[in-house]
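Q: Here it is: the structure, laid out below.
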Amino acid sequence: MATTHDPAEDDAAHHKAMLAKAETLTEALPYLQRYAGKTFVVKYGGHAMGDPDLAQDFAEDIVLLKAVGINPVVVHGGGPQIGRMLKALGIESKFVDGLRVTDKQTAEVAEMVLAGAINKELVSWIARAGGKAIGISGKDGGMVIARKVEAKKAPKAINDAESGETIVVDLGFVGEPARIDTTVIDTITGANMIPVIAPIGVGEDGETYNINADTMAGAIAAALGAARLFLLTDVPGVLDKERRLLTDLTPADITRLAEDGTISGGMIPKLETCVHAVEAGCEAAVVLDGRVPHAMLIEIFTARGAGTLIRA
Ligand SMILES: Nc1ncnc2c1ncn2[C@@H]1O[C@H](COP(=O)(O)OP(=O)(O)O)[C@@H](O)[C@H]1O
Ligand SMILES: CC(=O)N[C@@H](CCC(=O)OP(=O)(O)O)C(=O)O
């Protein structure tokens, strides 16, 4: 049986859909005006990279930011990927307070995976989305001079089970940025390309240092005086005890949330990084859900936003 079809109805539906698209763009207008010419540092974690759809969405978002006149600077992680490579080589991964205990061989593997495989994979994703990226590590152009992170007290999980004593662990070649020279970033951005940075630095001693990717991104955001530091993770943002999203936090709020145990685990160093960044020159930091497609665009270009905004 033939179905009837009213072309006028089609037109109305089409018109409505087009109008919704136009409204999305006009809603974005004030944000486009506000952010043109500004620098956004985006930390993309190793967990989010496993999913090719998310990686493609992420690359599209970065290319879109560039196309509307924002300067995105990507800093990536790759903890799970380093772990897999170490395992394949028969080396066990050990973490103390969220930092990988890094002997000489582990530092070599970390550099190979981060500055080699992952860095170039991200450059390729951005190229596929129509952007031009340059992949570098903190070593390039003398960008990040690292200092050794001092020995840490091991947490309960790896306390000496027999004696019950807390063990002090030398983290080896784990670094934090001591000095940052942004010349190489400015040069890449100035050439209208997107810097993609692996969290590896070089020490005054000439050694290679493995740097936590959140820490690296925060230090770079501060050095650049970035308008935003985005930390993409695997939760909707910072949650309260009832697991409701906290949309705005100050450094004082964060101290309180750490003291009353609302935040724990990996969220503590992540928020410490945000606090350090906003107190050292970055305008605001945002913790947001890297599992949500285009979370960054929603946060930047809509009134509602997404994630948790941290401001000094
Ligand atoms: N209050 C909180 N709100 C949200 N996440 C929290 C909170 N407290 C602890 N977390 C933990 O922090 C984790 C994010 O930190 P982390 O695992 O280091 O992220 P990533 O690997 O993406 O850098 C979350 O998966 C969650 O388990
Ligand atoms: C010192 C230290 O722990 N370095 C991290 C660097 C990678 C990283 O931070 O990756 P994610 O953001 O994916 O966790 C590591 O070796 O795993």
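Cβ atoms are placed via backbone N, Cα and C, with glycine included.
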Q: Which one of ARG100, ARG179 goes with GLY78, GLY79, ASN210 at the substrate site, as TrEMBL has it?
A: ARG100
Q: List the Cα distance (Å, whole number) between ARG100 (substrate binding site) and LYS270 (site 'Transition state stabilizer').
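A: Approximately 15 Å lies between the Cα of ARG100 (substrate binding site) and that of LYS270 (site 'Transition state stabilizer').
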Q: Rank the recorded positions LYS43, ARG100 by the number of other Cβ atoms within 10 Å of each Cβ and report the first-ranked residue.
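A: Neighbour-count leader: LYS43.
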Q: Return one of helix, strand or coil for LYS43 (site 'Transition state stabilizer'), based on DSSP.
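A: Assignment for LYS43 (site 'Transition state stabilizer') reads strand.
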Q: Between all pairs in GLY78, GLY79, ARG100, ASN210 (listed as substrate binders), what's the biggest Cα distance, rounded to the nearest Å?
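A: If we measure all Cα pairs in GLY78, GLY79, ARG100, ASN210, the largest is 12 Å.
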